[in-house]
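Notes for the one structure printed next.
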């Protein structure tokens, strides 16, 4: 494990160096990602500033949900950016290059094309700090919320990674997964940027079971921000993330085996 | 006829991928559904002005449907790639005006997306949402005209974005800036009158409302056909700009000798 | 060093459907076609051998290499590399192998060559001192210095191939798999790659398995040739054996002083005449005879050909290696 961490660091650093070769592109994608994020949030903020609340969720609360998820996503995509792009590796045959190396494939994939999502991190942190300050002043949260938030962000990152890994692994069978990823990763994540209670029951059910991305922010926030449920909701988040990740690793291994026996 | 030939080519090329596009439509429909849910969430406890709850649902859903006709065009009409590969020199020297060529191609793309993306999503929304359907044919007609003009405005904008590649080599950032602006200012998610003051002013001074806000309000019967004059005005202005830029592009390419 | 026993690989492909909704119907289709990419191959390669692995496109060369290097798992049969199975021990086997795919670079596209080497060193856990020694050695042999700081995407094909070779050798593997290492290179670049390969085989004792379509590569480098065709082994032995086995004829072109006599024309129509195959060209005075030197010496052949008239000129062509290979395919 320690050895793998060291290797990840070395490989990630090298890949980051290569990204920096194109300084313009690097800064451009960083800034644009932040701008798009800001605009997305601004739309929610404009609506809530005008109408006060959405199903009882105030701007600060909705902002908290949004910011936590943004940070989780930034961490996931920084650590494992090319897991999301497995389709490209399968189509081009670049996966073979990784298979020739004496390192675990998943680790190799994670360390390719690393990009620090500075824009998203900055934007997420800003919104998070602003919202949490408001929530403090209203007495909705106390200092304990800070370590809890760290746990929520990290388990959210693991959860998003797990969903990404499960979807990518299906690529070993389906090859074409971009459309599927749009649903399981992008659409699902966009859905939980807003309080899940605004959706009809069937969709809430989907976000809690089929693609349980609601555990990344909504479920723990119910307890943390509004004192609903109990601390169990907070604990559920890392537990669900870990279980799903284990399932992801299992499917990944099966998929890789299939790749090696069929040569897709 | 050249227009039909070029348009049909793009249309046909897209047809090969329609299977994958159908899955993508599902994702796109879900996105629209998320936006609709936001307004349903708000509308349950508050009044939604002249729109009403059903009006807002229809407004947002219709915008999601029209996204594929007026917003998601070929990035910079593909000019950036053609600059990178050097193809641009040949295209510019063809006996047909460069803007006209690209515009024809893009209409094929739009026709495809209308048939295989917008209409399926619209049909789905008719089934699952209380979607407002205009009672008179004339409303449909004006909406169609508004969408066609909006698509044309979008073609012009993408042409200008693509053309910038000739001077900056990188024009992708402009595409994203346009995307960000259009989300906020076109009334895609929030009707323009509900934007905070300065954003409202900015929006009204731009062509963005004619992309989503005006077509959707026409569809809902909340706007009359006279607003199409604004669309037409922007179309004329942007056409002039595109023609001017093309002549500049020619000179630029000639100087560089391709 | 390398043992291959009853190695087979089958690919299953869904049979394509025709007509409406073919995409959808294919999803539910149970018609699969089984393609035997590699069928029951056996060979052993000893340490220090330089083996050419040849065959036409689609014969199963790349599939074999992929199975030997652990990228693909065999359907049946066994591979052992230095006692280990690349299937079960992929990561340990990877350390013993250097692999180069001529068609595709393994360098990091956007990185200076030097950085690619750094990453590989990290992957294989080569320490800094060792790395420096290896690199200076390889750099000297392959003349990498002028483009060490150039990103891989800006290298010429020859430079890229040399860098890729260095990348494959960086962790000092005992075995090299080279899949078309000279493809697309010009004559000088080919020559320098061949020279390098020869020296690492002879002086460093590396075991090399080489696939190529360039018969000069085989002739100049390989002590042993394995031919695969349609997934099956066709031949395994030395180049001389291969020549002999095919028995490709020597061509003798005779120009007579006078137009060829009728008796010779008669012999031509019979086409086979005392071990000689005769044919006429445009020129009335020229006769081409193909003879198998194993059966008939050149002098005997000439003596026979003399009977058709006085010979003015003789031209002899030894069988071309390229030809030999075409024969086996």
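The backbone N, Cα and C atoms fix where each Cβ goes, and this holds for glycine too.
TrEMBL tags one of the stretches B:93-112, B:173-192 as transmembrane segment, and that stretch is B:173-192. Across B:21-42, B:114-133, B:139-161, B:225-246, the stretch most heavily in contact with the transmembrane segment (B:48-74), judged by Cβ pairs under 8 Å, is B:114-133. When Cβ-Cβ distances below 8 Å are used as the criterion, the transmembrane segment (B:114-133) is approached by residues 14, 18, 21-22, 24-25, 28-29, 32-33, 36, 54-55, 57-58, 61-62, 64-69, 219-220 of the same chain, each at least six residues removed from its ends.
Listed by sequence, the residues of this chain that lie at least six past the ends of the transmembrane segment (B:139-161) yet keep a Cβ under 8 A from its Cβ atoms are 66, 69-71, 73-77, 79, 99, 102-103, 106-107, 110, 171, 174-175, 178, 207, 210-212, 214-215, 218-219, 221, 225, 227-228, 231-232, 234-235, 238-239, 241-242, 245.
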